[in-house]
Amino acid sequence: MAFYFDEPSRTFNEYLLVPGHTPADCVPAAVSLKTPLVKYRKGQEECPLTLNVPMVSAIMAAVSDDKMAVALATEGGLSFIYGNQSIEDEAAMVARVKDYKAGFVTSDANLSPEMTLADVVELHEKFGHSTMPVTADGSAHGKLLGIVTERDYRLSRMSLDERVADFMTPREKLVVAQDGTTLKVANDIIWDHKLNSLPIVDANDCLVALVFRKDYDSHKSNPDEMLDAHKRYMVGAGINSRDYAERVPALVNAGADVLCIDSSEGYSDWQKLTIQWVREHYGDAVKIGAGNVVDAEGFRFLAEAGADFVKIGIGGGSICITRETKGIGRGQATATIEVAKARDEYFRETGIYVPICSDGGIVYDHHISLALAMGADFVMLGRYFARFDESPSAKVMVNGTYMKEYWGEGSARARNWGRYDLGGKKSLSFEEGVDSYVPYAGSLKDNMAITLLKLKSTMCNCGALTIPEFQDKAKLTLVSATSIVEGGAHDVLLKDKAPYASNTR
Ligand code: RVP
């Protein structure tokens with residue numbers, strides 16, 4: 001006979017937190033949002049990988065590329081670069097994050113000496129930069145021959161076909177610094193010589209990067225940034241349970257700090273085999289999360305298989321229609337509460353604490369507080385991050401309002417893209433996600449500052465200065481039963497209703 005869960009499955013919207021006593025020293029500025037990312041023997045050792053804020057960005061092409069990863073790591077969270085692309089492209093994205101040095105900019109508008117003033121004007125219009133390096137081959141890392149800034153030309157007096165070589169500031173007149181120069185020293189040079197930018201060159205006089213005057217203070221204002229032992233930004237990467245024997249080594253070589261098996265349903269032998277393969281080849285040196293699951297049984301299966309963290313959530317994502325198409329899933333709050341209990345039980349039995357991540361269905365900022373209060377160690381968000389400047393998707397005007405495109409990994413759009421990039425065969429399939437718009441919301445930094453302040457304020461209302469204390473002290477109350485809302489596409493404007501409707505009814 002089939003098994004029935006006694007209680008209806010519930011969403012975050014059906015819960016509220018009841019405030020606890022707030023001691024006088026419990027203020028947002030004193031709150032720490034540090035949280036474990038991977039399993040460890042709690043009480044006996046330090047967690048080898050912790051997040052400085054409990055937010056990670058979803059393994060989705062519309063959300064997590066290298067630009068998002070740098071922006072989020074700067075604020076203390078972590079991105080998982082999307083896996084629905086070729087192994088080479090994904091590894092290149094990871095490598096770009098690891099190579100990124102705050103303040104050291106690789107120019108995207110570069111000139112060669114044969115180019116003309118017309119090219120300068122065109123590049124200026126395209127990229128908006130007023131400083132363009134001139135290299136022998138016109139590439140970002142070619143031999144440095146000079147620099148063109150707005151001070152080098154006057155459109156009213158010069159002909160558009162004048163050659164860059166004739167009006168650039170040539171190499172011999174430039175102040176440069178050698179590769180390996182610290183940002184602090186680079187900035188001292190900038191100030192001493194009254195420069196606007198400083199080219200960094202290697203031993204062969206090839207351009208490595210540019211440092212601009214304005215970037216100096218960025219490190220100081222990001223106290224939470226996620227850095228590895230070599231002071232490089234940290235980044236995660238999504239993998240699948242098919243091509244891991246090729247993809248994992250490429251991502252590890254590129255410098256990925258943690259991997260995650262990306263699947264809408266994780267309680268499977270495929271995930272176990274993937275984790276086993278990683279353990280056989282890398283032992284515990286490579287950290288790997290698994291998921292998604294929505295109950296205690298699924299959690300225990302993945303914990304016993306050796307997952308470093310377990311992700312929770314089926315069908316709660318804003319662009320996800322898995323519950324409607326396949327009839328599987330569970331309200332995100334109920335799933336989180338049950339898995340958190342299973343995690344604690346597993347810890348009591350084994351001494352190993354396996355962090356859990358609540359993935360999908362975060363609509364309001366306060367849902368993050370609820371997920372953590374229910375026991376999640378961190379949350380994964382797609383829609384939230386897709387709205388920002390840093391997401392890879394296009395910003396478009398829809399009915400007079402700026403929107404960003406946001407599509408599910410199970411949508412026709414993602415499947416098409418994956419098929420083209422990977423050369424896979426077209427097989428019979430159906431959609432589990434939609435293509436949508438989300439309202440454009442500006443920069444990640446500004447939005448996260450508000451979100452995290454709200455989280456810290458809520459924690460203080462509950463008398464908690466750390467996430468474990470919050471989980472311990474939180475008092476949750478049910479408010480209603482509206483979980484049905486979470487099951488369909490929600491909080492997005494559907495671009496095309498027809499295929500969605502025909503796919504689900
Ligand atoms: P949300 O933050 O509510 O937008 O949800 C993001 C999550 O939705 C992802 O991390 C993933 O688990 C899930 N997802 C991604 N694509 C799809 C789909 O096409 N069904 N679902």
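Every residue, even glycine, has its Cβ placed from backbone N, Cα and C.
Record features (TrEMBL):
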| type | residues | note |
| --- | --- | --- |
| DOMAIN | 104-167 | domain 'CBS' |
| DOMAIN | 168-226 | domain 'CBS' |
| BINDING | ASP262, SER263, SER264, GLY313, ILE314, GLY315 | NAD(+) binding site |
| BINDING | GLY315, GLY317, CYS320 | K(+) binding site |
Taking the domain 'CBS' (104-167) alone, what is its mean pLDDT?
92
Pick out which of the binding-site residues GLY313, GLY315, GLY317 has the most other Cβ atoms within 10 Å of its own Cβ.
GLY317
Among ASP262, SER263, SER264, GLY313, ILE314, GLY315, the record's NAD(+) binders - longest CA distance, Å:
14
When a 10 Å sphere is centred on the Cβ of SER264 (NAD(+) binding site), how many other Cβ atoms does it contain?
21
When neighbour density is defined as the number of other C-beta atoms within 10 angstroms of a residue's C-beta, which of the binding-site residues SER263, ILE314 has the lowest density?
SER263
Provide the number of Cβ atoms within 10 Å of the Cβ of CYS320 (K(+) binding site), excluding the reference atom itself.
29
Between SER264 (NAD(+) binding site) and CYS320 (K(+) binding site), the C-alpha gap once rounded to whole angstrom:
10
Cβ atoms near ASP262 (NAD(+) binding site) (within 10 Å, other residues, all chains):
24
Measure from each Cβ of the binding-site residues ASP262, ILE314, GLY315, GLY317, CYS320 to the atoms of ligand 1 and list the residues where some distance is under 6 Å.
GLY317, CYS320
From the Cα of CYS320 (K(+) binding site) across to the Cα of ILE314 (NAD(+) binding site), what is the distance in angstrom?
9
Centre the Cβ atoms of GLY315, GLY317, CYS320, go out 8 Å, and tell me which other residues of that chain have a Cβ in range of the K(+) site.
SER264, GLY313, ILE314, GLY316, SER318, ILE319, ILE321, THR322, ARG323, GLY329, GLY360, GLY361, GLY408, GLU432, GLY433
Rounded Cα separation (Å) that holds between CYS320 (K(+) binding site) and SER263 (NAD(+) binding site):
13
